[in-house]
Amino acid sequence: MSGSDTAPFLSQADDTGDGPVPGTPGLPGYVGNPKSENPEVPDRERLQRITGLSASRSALIVAVLCYINLLNYMDRFTVAGVLPDIEQFFNIGDSSSGLIQTVFISSYMVLAPVFGYLGDRYNRKYLMCGGIAFWSLVTLGSSFIPRERFWLLLLTRGLVGVGEASYSTIAPTLIADLFVADQRSRMLSVFYFAIPVGSGLGYIAGSKVKDMAGDWHWALRVTPGLGVVAVLLLFLVVREPPRGAVERLSDSPPLNPTSWWADLRALARNPSFILSSLGFTAVAFVTGSLALWAPAFLLRSRVVLGETPPCLPGDSCSSSDSLIFGLITCLTGVLGVGLGVEFSRRLRRSNPRADPLVCAAGLLGSAPFLFLSLTCARGSIVATYIFIFIGETLLSMNWAIVADILLYVVIPTRRSTAEAFQIVLSHLLGDAGSPYLIGLISDRLRRTWPPSFLSEFRALQFSLMLCAFVGALGGAAFLGTAIFIEGDRRRAQLHVQGLLREAGPEDDRIVVPQRGRSTRVPVSSVLI
C-alpha cells in the first residue's frame with residue numbers, strides 16, 4: 001500500500017561510522033559517530049517563540065493530523081472491503097473492478113505535485129480544510145450512484161483523489177515546521193504508522209458496516225461523517241506555523257539550490273536513489289494488487305472449498321475475509337515497520353550496506369510466501385492466511401528504510417524533488433496500474449475456460465502470481481542499491497560539508513584554441 005505514499009515515517013540519523021568523512025550533526029543520514037544515548041533536546045522555549053505554539057498545542061495538532069491520515073487510508077480501502085458486492089451490484093468484471101483503484105491512484109498521483117506547489121505558497125490549513133470537505137462530499141455522493149452508472153463511480157473515485165492529494169502532500173510539512181531533530185522524527189513516525197492501521201480499518205469498517213446495515217452502500221457513508229469532524233478539528237485546533245522558521249535550530253550548513261533540470265540530472269546520476277526507487281515501485285505494485293484483490297481472492301477460495309456460499313445476484317456477499325484481511329494488514333504493517341527499523345539499526349553497526357540489504361531480504365523473502373499463499377488457497381484457507389501474514393510482514397519491513405536511504409544519498413536542496421520523483425515513479429509503474437493489470441489478466445484467463453466458480457478462482461489465482469515475480473525483481477533492485485550505497489552516501493556528505501562541488505555540464509571544461517577556433521574540452525584531457 002503503496003503506497004503517499006513514500007515520505008519518511010521513521011527518519012533517523014545514519015550511525016554507521018563507516019568512513020573517515022566527518023558528518024554534520026543533526027543532518028538526516030549523518031555519517032560519523034553513533035548517536036548518543038541521550039540525544040540533545042531542542043530548546044522548547046525558543047521553539048515556542050518561533051512557532052507561536054506551546055508544546056501541548058503542537059502535539060495536539062499532530063494528533064489531529066494523524067486522525068485525518070488514518071481517515072484517508074480508511075477511505076481508500078473501504079471500497080476493497082466490499083468489492084465483491086460492488087462487482088455484483090454493477091455487474092462488472094475483474095478488469096473494471098481493478099480500474100476503480102487505478103483511477104483513484106492516477107488522480108492522486110497527478111494532482112499531488114499541484115497541491116505541493118500550492119502548499120508552499122498559500123495557507124496550508126485552508127487548503128486542507130477545502131480538500132477534505134470536497135473529498136467527504138464526493139465520497140458520500142458515490143454511495144447513491146445507480147447500478148447502470150458505473151462510469152460515475154469511476155469519476156467520483158477520481159475526484160476523491162483530488163481531496164486526498166490536498167492533504168497527503170501538505171500535512172507532513174506542518175509537522176516539519178513544528179518540530180526539529182529527534183522530536184520531528186518521532187512525530188513523523190506516528191503520523192505514518194496510520195498507513196497500515198488505517199488501511200486495515202478500511203477493510204474492517206467496510207465489512208462490518210455492510211453486515212450491520214445489510215447494504216454495502218452504507219460502508220461508503222462512514223468516512224464522510226468522520227470527514228466532517230476532521231474539517232472542524234482542522235479549523236478549530238490547527239494553526240499555521242511559519243514555514244521553515246524552526247530550521248534555525250538546525251546545525252546543517254546552508255546550501256545553494258540548483259535549477260530543477262540540474263536536480264533531475266543529479267538524481268539520474270545517483271544509482272542508489274534510482275535503484276531504491278525501483279525497489280519501492282515493486283513494493284507499491286505488490287501492495288496495490290493485494291489491497292484490492294486479496295479479500296475477493298479469499299472469498300473465491302472459500303467458495304471453491306465449499307466453506308462459503310457463492311455471491312449470487314441479489315444476495316449479500318460474505319465479508320468475513322475482508323475483516324480478517326484488515327486485521328492482518330494492521331498487524332503486519334506495524335510489525336513489519338518495527339522489525340525493519342530494528343534489524344537495520346543492529347546490522348548497521350557492522351555493515352554499512354545494512355539498509356538496502358534489509359529491504360532486499362524483506363522483498364525476496366516475501367515473494368515465496370506470497371506465492372505459497374496463492375498455491376495453498378485451494379487446499380487450506382488457514383495455511384493461506386498464515387503465508388499472507390508472513391509475506392506482508394516481510395514486505396512491510398522496507399517502508400521506513402527506503403525513506404532514510406533517500407535522505408542520506410540526496411543532498412538537502414533537492415530532497416523534495418527526489419521525493420516527488422519517487423512518488424510519481426512508484427505510483428505510475430506500481431499501484432496505479434497493478435490492480436487493473438491483475439483484473440485484466442484474470443478476465444482474459446476466464447474467457448479461455450468454461451464458466452464456473454473454479455474458473456473465477458483459478459483466473460485470479462494465476463494473475464496474482466505476478467506479484468511474487470515483481471517482488472523478486474524489487475529485491476534485486478535493492479541488492480543493486482547495496483553496491484552503490486556507500487559511495488553515494490559519502491558524496492552527499494562531502495557536498496553538504498562544502499568539500500565537494502558537483503560539476504555542471506560546462507563546469508568541467510576549459511577553452512583551448514584548435515585550428516583557429518575555440519573548443520571546449522575536459523580539464524582531464526588537458527592535464528593528461
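Cβ coordinates come from backbone N, Cα and C, glycine included.
Look at TrEMBL and you will find 1-44 tagged as region 'Disordered'.
If you look up TrEMBL, you'll see 54-74 (among others) marked as transmembrane segment.
Sequence annotations record features per position, and here TrEMBL assigns domain 'Major facilitator superfamily (MFS) profile' to 61-489.
The transmembrane segment annotation in TrEMBL covers 99-119 (among others).
The transmembrane segment annotation in TrEMBL covers 126-145 (among others).
The transmembrane segment feature in TrEMBL is assigned to 165-181 (among others).
Here TrEMBL flags 188-206 (among others) as transmembrane segment.
The transmembrane segment annotation in TrEMBL covers 218-238 (among others).
Here TrEMBL flags 273-294 (among others) as transmembrane segment.
Residues or ranges marked as transmembrane segment in TrEMBL: 323-344 (among others). Within its own chain, the transmembrane segment (323-344) has Cβ neighbours under 8 Å at 1, 9-10, 12, 77, 81, 193, 195-197, 199-204, 207-208, 291, 294-295, 298, 354-355, 358-359, 362, 385, 388-389, 392-401, counting only residues six or more beyond its boundaries.
Only residues 6 or more beyond the boundaries of the transmembrane segment (356-374), in the same chain, are considered here, and those with a CB under 8 A from a CB of the stretch are 272, 276, 279, 282-283, 286, 290, 297, 336, 340, 343-344, 347, 383-385, 387-388, 390-398, 401-402, 405, 461, 464-465, 467-469, 471-472, 474-476, 478-479, 481-482, 485. Taken from TrEMBL, the feature transmembrane segment covers 356-374 (among others).
Residues or ranges marked as transmembrane segment by TrEMBL: 386-411 (among others).
If you look up TrEMBL, you'll see 423-442 (among others) marked as transmembrane segment. Long-range contacts of the transmembrane segment (423-442) within its own chain (CB-CB distance under 8 A, at least 6 residues past either end) are made by residues 1-6, 93-102, 105-106, 108-109, 112-113, 277-278, 280-289, 291-293, 459-460, 462-464, 466-467, 470.
The feature transmembrane segment is assigned by TrEMBL to 462-485 (among others). Long-range neighbours of the transmembrane segment (462-485) within the same chain, counting only residues 6 or more positions beyond its ends whose Cβ lies under 8 Å from a Cβ of the stretch, are 94, 271-272, 275-276, 278-283, 285-286, 289-290, 293, 297, 352-353, 355-357, 359-364, 366-368, 370-371, 374, 395, 398, 405, 409, 434, 437-439, 441-442, 445.
Counting Cβ pairs closer than 8 Å and at least 6 residues apart in sequence, the transmembrane segment (54-74) and the transmembrane segment (218-238) reach three or more and so form a contact.
Counting Cβ pairs under 8 Å to the transmembrane segment (273-294), the stretch among 126-145, 165-181, 386-411 with the most such contacts is 386-411. In this chain, the transmembrane segment (126-145) does not touch the transmembrane segment (188-206); fewer than three CB pairs sit within less than 8 A of each other, excluding pairs fewer than 6 residues apart.
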